[in-house]
Amino acid sequence: MAEGAAVVSAESDGGGDLGTVEPERGVAPIKPQYLTTKEQFHEFLEAKGQEKPSQESETVDPAGNDLAEPEAKRIRLEDGQTEDGQAEEAAEPGEQLQAQKRARGQNKCRPHVKPTHYDKNKLCPSLVQESAARCFYGDRCRFLHDVGHYLETKPADLGPSCVLFETFGRCPYGVTCRFAGAHLGPEGQNLVREGLVQAPPVRNGLDKALQQQLRKRKIHFKRAEQALRQLSRGPLPGPTPEATVPEGREAEGAPGQDNCDIQLAPQELDTVGPPSGPLRTCGPLTDEDVVRLRPHEKRRLDISGKLYLAPLTTCGNLPFRRICKRFGADVTCGEMAVCTNLLQGQMSEWALLKRHPCEDIFGVQLEGAFPDTMTKCAELLNRTIEVDFVDINVGCPIDLVFKKGGGCALMNRLAKFQQIVRGMNQVLDVPLTVKLRTGVQERVNLAHRLLPDLRDWGAALVTLHGRSREQRYTKLADWQYIEQCVAAARPMPLFGNGDVLSYEDANRALQTGVAGVMIARGALLKPWLFTEIKEQRHWDISSSERLDILRDFTHYGLEHWGSDTQGVEKTRRFLLEWLSFLCRWDGAAGRWGGPGTVCGEPQPNLIPATLAHRYVPVGLLERLPQRINERPPYYLGRDYLETLMASQKATDWIRIRCPGTEALGDRGIDDLVGLG
């Protein structure tokens, strides 16, 4: 522990015997010598920091209330003004209290404006890509063509070295890179370093030709329409080949027979398949070219006993999945993608399907409420991307999805649910999986009744989150009920999900008979959790190692989103989303909160806090392991950075980002990303 931390800790021990105080229920048990008070905690951070917090960053008002929220979210009722700045008449005390209640919570008046500053003084892509041909638009082009003028208006570089140039030997962003000084020649030319590896291709991108045809609705889904017509006549008797293949088409897919029109219209075949998909050639035929897998011949999904990283909305992006793969995750899944957005060719939605070469077992998760859109989307993805399985989201609890009939709502819409599963299973050549919760209402479990049906409908695997929709992320996951569902699902494998934060939690989960464990919030809190489970140990990771993980995330983010201004902004955004994903104890609500925003929808009664704040280092705990529903009290870490990461104040998180502080030196997050 740092010398200053030991002094403050000794002073706090002198003020009261902390060793005799029993930890509160729901509070992480930390060794007495590290415990401190709120006042001493912040005094220590201010004393060790090189600069005192400014007047604007003070988060305690004269009345003693902790106002750790940003300035824009603070309640401005003391000066008798409304949010729009107009004066209002004095109200009764009861009315003021009611107005205060209304003011807290969701900030629905915040502007939702798409940033437009990226287009200001933006260089023409033909110059960025160093194309030999002239710009197609000529004088009508709305972008700059004067590189000298662009360099004059371009903001200063964010750092002396470019991650892309150092890693791959060439930065594709050229002069627009925010670290361009590292790879620009004296005349502004983009330098290339010979001998380094080429950037690995990221698969499952959206082809421009396919995007155009999706937007113009020129793609015909033959197999999906056939399956939907069959489902409309009545429920299918089972997932057997005879039931899923219509009469007269039993020889479909036999060698030598052209069955291309079953997937997409003939005129679309040459344009809808990007290079990542199976290519149609004039050379020798392969089994993949001519043989269509039947339901009983589908590739099997054998992931029993493997560690499965959950599909995490917003935070489960490709750079974060790379972090988890490095620490031992076996199976990864993309973020939840809305099927209607995919069918419309939205680039932002297709970006959720991208797959890094290190993801050897990878799936995508689809969300939808109707059989036609889900089946057509499944057929489209079956043709155009490379995945090992497709997952149906039947566990999303948010109102934005639930009120439209998707997510958890499918558990109460059995007819539609059955048609979705059967239709998707009929058009997919890869296994179909389902992720669901215990039910919609807290004390009304539905999963045990649905699991036998899902097995008969053709699902290859089901993942069960041990909470209902009403619970969201409150209380503990019901693993006893998951154990009951294992018997109901046999012989279909069932994965369990909920509250796994240590290898002991994973061992107890496997004792219920589940085929494997899916890890969600535990991976956000401790990406190294996969290593702990595989090595059956507690990893007392240091604060510098935790900072290195953030550095690697930012490097992966710049590789994925780019090193120009827009890419840097995206890297910053998703880094902060990861850091602020979890929530600390909400005293007013009396419960643990879940994610602050899901699908862009703010969740009520949630107080933002850092990911680092929820984690308590192993060496500081009096009892192992830490449980996911335990909040840490105020404590002083073994060094300044560890203490700074334990703070609940956003103003202290900024100190992690600022270079020049003691303990960080030049290794602050700003220097790791260049987000000064």
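Yeah, the Cβs are placed from backbone N, Cα and C, and that goes for glycine too.
Unlike curated records, TrEMBL annotations are generated automatically.
As annotated in TrEMBL, zinc finger covers the listed stretch 118-148 rather than the other ranges in 118-148, 304-334, 490-520. Proximity of distant same-chain residues to the domain 'C3H1-type' (118-148), defined by a Cβ-Cβ separation under 8 Å and at least 6 residues beyond the stretch ends, is recorded for 154, 172-176, 188, 190, 565-566, 569. For the zinc finger (161-186), same-chain residues at least 6 beyond its ends with a Cβ under 8 Å from one of its own Cβ atoms are 123, 127-130, 147, 150-151, 154-155, 192-199, 555, 558-559, 562-565, 567-568, 674.
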